[in-house]
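Quick look at what TrEMBL annotates:
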type	residues	note
DOMAIN	7-386	domain 'Major facilitator superfamily (MFS) profile'
TRANSMEM	43-66	transmembrane segment
TRANSMEM	78-99	transmembrane segment
TRANSMEM	105-125	transmembrane segment
TRANSMEM	132-153	transmembrane segment
TRANSMEM	159-178	transmembrane segment
TRANSMEM	206-229	transmembrane segment
TRANSMEM	241-259	transmembrane segment
TRANSMEM	271-289	transmembrane segment
TRANSMEM	295-318	transmembrane segment
TRANSMEM	339-357	transmembrane segment
TRANSMEM	363-381	transmembrane segment
Amino acid sequence: MTGGRGTTGLIVGAGIVSAFQVGKAPLALDAVRADLELSLAVAGWLLSAFAIVGAVAGMAIGLAAGRAGMRRLAVGGLLLQALGSAIGGGVGGAPLLLASRAVEGLGFLAVIVAAPALLAAITPAPRAGPVFALWSTFMPVGMTIILVAAPLLPVLGWRGLWLANAALLAGYALVVALRTKGLSLPPPAEHIGEDARDTLSRRGPWLLAGLFAVFCTAFFAAFGFLPTILGERLAVSPPAASLLTALAILASAGGNLFCGRLIARGWSGRGLLVIGFAAMAVCGIGIFTPSMPAAGAYVSCLMFSAISGLIPVVLFDAAPHHAPRPDRAAASMGLLMQGNNLGLLVGPAAAGLLAGSLGWPSLAALVAVVALAGIALAAMLPPRRADVSAAAKPSAAPS
């Protein structure tokens, strides 16, 4: 059984509601800090704790997903996020809140590994390109929606926001379980140990994971605290700052889709990576330099988001081409997502520590140094194979 557009939309929606869990932390950051009396450094870990599990076990989860089945993993991931969000909404201190964010992170990783595989299994080859382009926008779209919901925060409170997300995730898991029953899916993998050894012995998957790590470090160092930064720089209310942040993040979706067209036209992936990382370095200076006018700082945010949107598309497109064989792309995808989560872990935590001790301008140097490291890693990428079918390609999505 193949899925129609409704099933495709349902699976993409699983990514979007999962992205809500990334976006709700910066949205409610000031409220959480005030309620639990958190320092800026601890608040940075509130953003980063989400990624702890993926940072240490991304590849293992990807391999296990091949063994357990992607449909089961997607539903389980939604339920894990619901559990973590429900626990977080009732905690009374930072340690339990951070632990609940780690549970959410495990569920998030499960969904973003499983959903592309489900889409590949139900999508006819002629429609694969448009479907994966749609999937590529799940993170900016999800984060934009949750940030646009900022006016609800004074009504619900941050705890109510967490509990509302728990209910949404649990309900969505039930719908996905019912609507995807009977789909024709690939059989479980049988030799995951061999897949892991072959993948880890190659340079390409490691470099791609490193590139995703430095991208996410720079992106979330800049954008993890953006509602707070914009509120201070532009002297606007928290809801207005969240809306401006949402628009900046949404610009990334435009970069994702535009990059897909450039790749289809034969643009060099390495060249696109250099453009993306160079833009992050330059625009990061514009965002955090105190002498930059407020309007210029916000334009820098928009450019940072849009042009850096080239990077994750290139990385996801390249992952199967650097796998040992096309049928072992899942292991490379897991390692890639491990890099993604490592950056999501390090970026906000490093930004919180630096900003707390040296002020916001110090983040310009952090973003620039990390982006330059990305350019260096891009130059080291080996040539890619050309024997990967469209059906085997994973999706592209920013994190």
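Placed from the backbone N, Cα and C atoms, the Cβ positions cover glycine too.
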Intrachain neighbours beyond the transmembrane segment (363-381), with Cβ under 8 angstroms and 6 or more residues off its ends
203-204, 207-208, 210-211, 214-215, 217-218, 221-222, 269-270, 273-274, 276-278, 280-281, 284-285, 287-289, 311, 318, 350-351, 354-355
Long-range environment of the transmembrane segment (132-153) - Cβ separation under 8 angstroms, sequence gap at least 6
8, 11-12, 15-20, 22-24, 26-28, 31, 112, 115-116, 119, 161, 227, 238-239, 242-243, 245-247, 249-253, 256-257, 260, 305, 309, 312-313, 316, 393-399
Cβ contacts under 8 Å made by the transmembrane segment (271-289) with residues that lie 6+ beyond its boundaries:
211, 214-215, 218-219, 222, 229, 259, 262-263, 296-297, 299-301, 303-304, 307-311, 314-315, 360-364, 367-368, 371-372, 374-375, 378
Of the listed stretches 159-178, 295-318, 339-357, which one has the most C-beta pairs under 8 A with the transmembrane segment (206-229)?
339-357
So, does the transmembrane segment (241-259) come close enough to the transmembrane segment (295-318) to give 3+ Cβ pairs below 8 Å, pairs being at least 6 apart in sequence?
yes
